[in-house]
Amino acid sequence: MTTPGRNTARRKAPNVLAYAPFRKLWTAMSVCSLGDWLNLLALTALAGNLTMDRGYQVQSLAIGGVFVAKMLPAIVLGPLAGAFADRFDRRLTMFFCDLLRFGLVLSIPLVGSYQWVLVATFLVECVNLFWVPAKDATVPNLVPKERLEEANQLNLLVTYGTAPVAALLFAVLSVANDMLGRLLPFLAIRETYLALFINALAYLVSAVIILSLKEIPKAGVAVATSSPSVLRQIFEGWRFVGGNRLIRGLILGMLGAFAAGGAVVGVAKIYVNALGGGDAAYGVVFGAVFLGMASGMFFGPRLMRELSRRRLFALSIIVAGLVLTAIALIHNLVIVVMLTVLLGACAGIAWIIGYTMIGLEVDDGLRGRTFAFLQSLARVTLLLVVAVAPTVAGLFGERELKFGQETVYRFDGSNLVLVVGGLLAAIVGIVALRQMDDRKGVSIVADLVAAVRGERFAPEAAEQATRGMFIAFEGGEGSGKTTQSRLLAIWLRDQGYDVVQTREPGSTKVGMRLRAILLDAVHQGLSARSEALLYAADRAEHVEKVIRPALHRGSMVISDRYVDSSLAYQGAGRALDPGDVTRINSWATGGLVPDLTVLIDTPPSVGLTRLGGAADRIEAEPLEFHERVRREFRSLAAAEPARYAVIDGTLSEEEISRLIQDRVREMLPDPVPQEAEDVTGTIPAVRD
Ligand SMILES: Nc1ncnc2c1ncn2[C@@H]1O[C@H](COP(=O)(O)OP(=O)(O)OP(=O)(O)O)[C@@H](O)[C@H]1O
Ligand SMILES: Cc1cn([C@H]2C[C@H](O)[C@@H](COP(=O)(O)O)O2)c(=O)[nH]c1=O
């Protein structure tokens, strides 16, 4: 719907780097990423140098050996490292990992043999497997939830953005080393050693920064005392990934995007050669992937701010697959380079959204394992694709398709690999969309058009054009919705707005009867479908008789619960198909979506104990039911961060109220100055 404030410029929030602890972690990460890329370049070059006199084939195998040693630890140790990140002090884990990496990298030039290059590479990668999940699991602790996407964008930007910087540095170091050797022959060392010294130094600098980062919580210490074993934690992590539809879809999609990128890396060299390009062209294609990824991560979510995150994620994978297929079929180097930028952009969007949603969706105690699990799978996928792709391409060989007498179309192994990879990625994207779509029944094209125009899609947009604003409060039992919706109504009235404060179920005559049926504990046997339909019936009546008329009058409508409650309680709690629940509610409400949904996120163990009196039919459900409800609320919010305010419900009533006011203030047509608030006090006098 169209509301005041939609086009009003939002107050400029500080950059995510303004959070000092995150800034420090980010600096350590940047230094390490630079060191990692330098490490890759130096070790592959060193492997080649050390085996130079043993022929082309041995030299190629030696370089390949470094890649295998780099990727192998993920297969063996990935999940174990994640459990470590959840159980132990993350700051110390990162600090000791940095020291170990420093020592191992420094040892390579000191030992100076190819065998030791392999062993040290393997060990450094083992250590990396502990450092990275500890870092990933720490980021959500250092920035507010609504800044997590931005933080992840910056993290990924340095992860990949440091690659070209490292390449440049490597080249400069090689030249400098060469000049130094000529000027002062007694100082001559192997050209790659200088890069390795800088690489080791980067890890040492990171260790010092991490040690000073006292803000990293000692996550998982409490879990460790109550949980039985590391193996059990890994098992739970795997079970969680498999059992959560959204996470499953995210991981599947991210791996699809990775496999598509891997297919390009695997056959890029032969494909570019077949197109008549040399090493420089190969470098350009390689650079195009990075350029595309960086721009996708940075600009994609911004340009498509209003599109459901789940849809954007799946669509970017589908488009990546189709672009890859086009790359395979169009035999023109310039077009291939341009399409490769687009492919990288799609993969970048998918990766940043997937990473962010996992960070928001997964509980702190499991986050480390989920990231580690994902990283391991990504590496295994990459290893398999990079290893299998050129082999398959070689086995298929060069073919020609003849059309008529004149037209000959070359179709060799690299084309085949890219076509198959592209189609597989597109299929994976479609499956991910089916698993995760949060707007089933709503046309994707209409959603896309609305997002490109910067509007949120609403089916009855014209009819809904109104001066009012619709704010819904959502959350579990006893989370504080009633308290906060009342405080917000009072605050808005104090600013001179006409406010209608309402709730679900039970805000109409019929609704009151439905509420009695729904919540009375005597109706224990009510079927899940009847329950969903009764809530939808209450909502249809509510929208038609209360909400829409108020919005048309230009009032602010504040509803204590709305459609998300049905998605969370009947969808996740009662395990009804979320698509069905979405559809009946879309129909019941005529597609009316709140301008803002305030999710008061309170652990059920806290919320349920706040409630007095006998439990009603739904409050009486077991704790796991309420945990599922909470997870679904969080996941709905994570999918559309621009339309949600997620507030920690364990804060004090005053703090929560202040946070909500801050968010709502941004949407008001005539912003209420903060200073005026500070003079009159946080909560205006009650005039309810
Ligand atoms: N931030 C808070 N900290 C501690 N107690 C709170 C907080 N917010 C509300 N409460 C208390 O918790 C109880 C439940 O609050 P409230 O009725 O607002 O929750 P609710 O989410 O509307 O609950 P329900 O799910 O039953 O509708 C009340 O006694 C209220 O005073
Ligand atoms: C709207 C809606 C509500 N519920 C459940 C959630 C609560 O247990 C009750 C409402 O009680 P409250 O004290 O007013 O919070 O109903 C649901 O299961 N589905 C819904 O759509």
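Heads up, residue numbers simply count up from 1 along the chain you see.
Cβ coordinates come from backbone N, Cα and C, glycine included.
Automated prediction, rather than curation, is the source of TrEMBL annotations.
What TrEMBL records for 16-440 is domain 'Major facilitator superfamily (MFS) profile'.
Only residues 6 or more beyond the boundaries of the transmembrane segment (25-48), in the same chain, are considered here, and those with a CB under 8 A from a CB of the stretch are 17, 59, 62-63, 65-67, 70, 94, 98, 101, 105, 108, 114, 117, 121, 124, 128, 131, 135, 138-139, 142, 151, 154-155, 158-159, 162-163, 165-167, 169-170, 190-192, 195-196, 198-203, 205-206, 209-210, 213, 216. Annotation source TrEMBL lists transmembrane segment at 25-48 (among others).
If you look up TrEMBL, you'll see 60-85 (among others) marked as transmembrane segment.
Residues of the same chain lying 6 or more positions beyond the ends of the transmembrane segment (154-173) and with a Cβ under 8 Å from any Cβ of it are 16-17, 26, 29-30, 33-34, 36-38, 41-42, 45, 139, 191, 194-195, 198, 287, 290, 293-294, 297-298, 348, 351-352, 355. Taken from TrEMBL, the feature transmembrane segment covers 154-173 (among others).
Here TrEMBL flags 193-213 (among others) as transmembrane segment.
Annotated transmembrane segment per TrEMBL: 249-268 (among others), in sequence order. Within the same chain, residues 241, 282, 285-286, 289, 310, 313-314, 316-317, 320-321, 324, 327, 340, 343-344, 346-347, 350-351, 354-355, 357-358, 361, 373-374, 377-378, 381-382, 384-390, 393, 413-414, 417-418, 421-422, 424-425, 428-429, 431-433, 435-436 sit at least 6 positions outside the transmembrane segment (249-268) and bring their C-beta atoms closer than 8 Å to a C-beta of that stretch.
Annotated transmembrane segment per TrEMBL: 280-300 (among others), in sequence order.
Here the transmembrane segment (312-330) has Cβ contacts under 8 Å with residues 249-250, 253, 256-257, 260, 263-264, 296, 300-301, 304, 336, 339-340, 342-343, 346-347, 349-350, 353-354, 357, 414-419, 421-430, 432-433, 436-437, 444, 448 of the same chain, all six or more residues outside its ends. Residues annotated as transmembrane segment in TrEMBL: 312-330 (among others).
What TrEMBL records for 336-358 (among others) is transmembrane segment. Through the fold, the transmembrane segment (336-358) approaches residues 148-149, 152-153, 156, 246-247, 250-251, 253-254, 256-258, 260-261, 264, 271-272, 275, 284-285, 288-301, 309-310, 312-313, 316-317, 319-320, 323-324, 326-327, 330, 367, 370-371, 374, 635, 638-639 of its own chain, all at least 6 residues removed from its boundaries and within a Cβ separation under 8 Å.
According to TrEMBL, the transmembrane segment annotation covers 370-396 (among others).
Taken from TrEMBL, the feature transmembrane segment covers 416-433 (among others). Same-chain residues lying 6+ beyond the ends of the transmembrane segment (416-433) with a Cβ under 8 Å from its Cβ atoms: 249-250, 252-253, 255-257, 259-260, 262-264, 266-267, 271, 310-311, 313-329, 385, 389, 392-393, 396.
GLY475 (ATP binding site) falls within neither a helix nor a strand when secondary structure is assigned with DSSP, and so counts as coil. Annotation source TrEMBL lists ATP binding site at GLY475, GLY476, GLU477, GLY478, SER479, GLY480, LYS481, THR482.
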Near the Cβ of GLY475 (ATP binding site), how many other Cβ atoms are there if near means within 10 Å?
26
Within 10 Å of each Cβ, count the other Cβ atoms, then let me know which of the binding-site residues GLY476, GLY478 comes out lowest.
GLY478
Please report the number of other Cβ atoms within 10 Å of the Cβ of SER479 (ATP binding site).
27
For THR482 (ATP binding site), list the number of other Cβ atoms lying within 10 Å of its Cβ atom.
14
For a quick check of packing: other C-beta atoms within 10 Å of the C-beta of GLY480 (ATP binding site), how many?
23
Given GLY476, GLY478, SER479 as the binding-site residues, which ones have a Cβ positioned under 6 Å from some atom of ligand 1?
GLY478, SER479
Cβ atoms near LYS481 (ATP binding site) (within 10 Å, other residues, all chains):
26
Per DSSP, to which secondary structure element type does THR482 (ATP binding site) belong, with helix, strand and coil as the options?
helix
Can you check how the pLDDT averages out over the domain 'Major facilitator superfamily (MFS) profile' (16-440)?
79
